[in-house]
Amino acid sequence: MKALRPARALLSPPVFLPWSRRWGLRLWCLAAIAAAWGLWNAFFVAPTDAAQGEVYRLLYLHVPTAWMSMFVYFVMALHCAAGWIWNTRVSWALAQGLAPVGAGYTAVALLTGSLWGQPTWGTWWVWDARLTSELLLLLLYAGVMVLQHGFEDRERGRRAAGLLAMVGLVNLPVIYFSVVWWNTLHQGATLSPSQGAQLAPAMLHALLAMAVAAWCHAAGSGLLRAHLLLRAEGRREEQFARSRDGAPAAQLQPATAGSELSPT
């Protein structure tokens, strides 16, 4: 249990706020370094694909963003579950901060997939199981964000969004295993534990670098967004406390002034 104390301490806003800012900025720096190295290898070192030509290089954006769209959703749903169970402000802030990050990665995955599919499949879009379930993931992100901001009672909005996020977890295995369960147009897994990497070493190195960049960017963005959300919430609470404590004083001030001016 002692080993868990540092992690539990991070659920306290006074501890989380400086930690999240520090590590969020560090992760952004690591993301920039990994992305620069990965893009250099992707466009100038990795060989041209024999079957698809140069268009295959969209893989270095499409695959990492598709991975992160699912990973961010999973982490967001975990924080929603923590918020439901322990009602921790940090967990709710992380869930709210990660939602637009994951939605952005999902949108980029769909866009790059469409750009890649047009020259290889001859169409921008097909209602394939993988594509449809990924589109559903984007709609789930949108629903979570709408619920987070759609209630005057912030607590009700958080819990409604958290419930939707947790229910939406069933979509993740559908996305991942869709190419196994059904005869889909979408290609199989780029990296598979059973088949290994089906890429040349230079291609694999570039892909892994871009995956590291995407992970660092997503984690850093989630931490920094949660940091800003908690600070904004803290300022609102301070303003509310000041207005509540200052109201009686403001009401008493005219009477006090009047008593000083009244004749004795």
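We count from 1, first residue shown onward.
Backbone N, Cα and C atoms are what each Cβ position is placed from, and that goes for glycine too.
Unlike curated entries, TrEMBL annotations are predicted automatically.
Over in TrEMBL, the protein carries these features:
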- 27-46: transmembrane segment (TRANSMEM)
- 32-186: domain 'Cytochrome c assembly protein' (DOMAIN)
- 66-86: transmembrane segment (TRANSMEM)
- 98-117: transmembrane segment (TRANSMEM)
- 129-148: transmembrane segment (TRANSMEM)
- 160-182: transmembrane segment (TRANSMEM)
- 202-226: transmembrane segment (TRANSMEM)
- 239-264: region 'Disordered' (REGION)
- 253-264: compositional bias 'Polar residues' (COMPBIAS)
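Contact between the transmembrane segment (160-182) and the transmembrane segment (202-226) is not supported, since fewer than 3 Cβ pairs fall under 8 Å when only residues 6 or more apart in sequence are counted.
Confidence over the domain 'Cytochrome c assembly protein' (32-186), given as mean pLDDT on the 0 to 100 scale, stands at 93. Listed by sequence, the residues of this chain that lie at least six past the ends of the transmembrane segment (66-86) yet keep a Cβ under 8 A from its Cβ atoms are 11, 92, 94-95, 98-99, 101-102, 105-106, 109, 113, 134, 137-138, 140-141, 144, 158-159, 161-163, 165-166, 168-169, 172, 175-176, 211, 214-215, 218, 222.
Long-range contacts of the transmembrane segment (98-117) within the same chain, counting only residues at least 6 positions beyond its ends with a Cβ under 8 Å from a Cβ of the stretch, are 55-56, 58-59, 61-62, 65-66, 68-69, 72-73, 75-76, 79, 123-126, 131, 134-135, 137-138, 141-142, 144-145, 148, 161, 214, 218, 221-222, 225-226.
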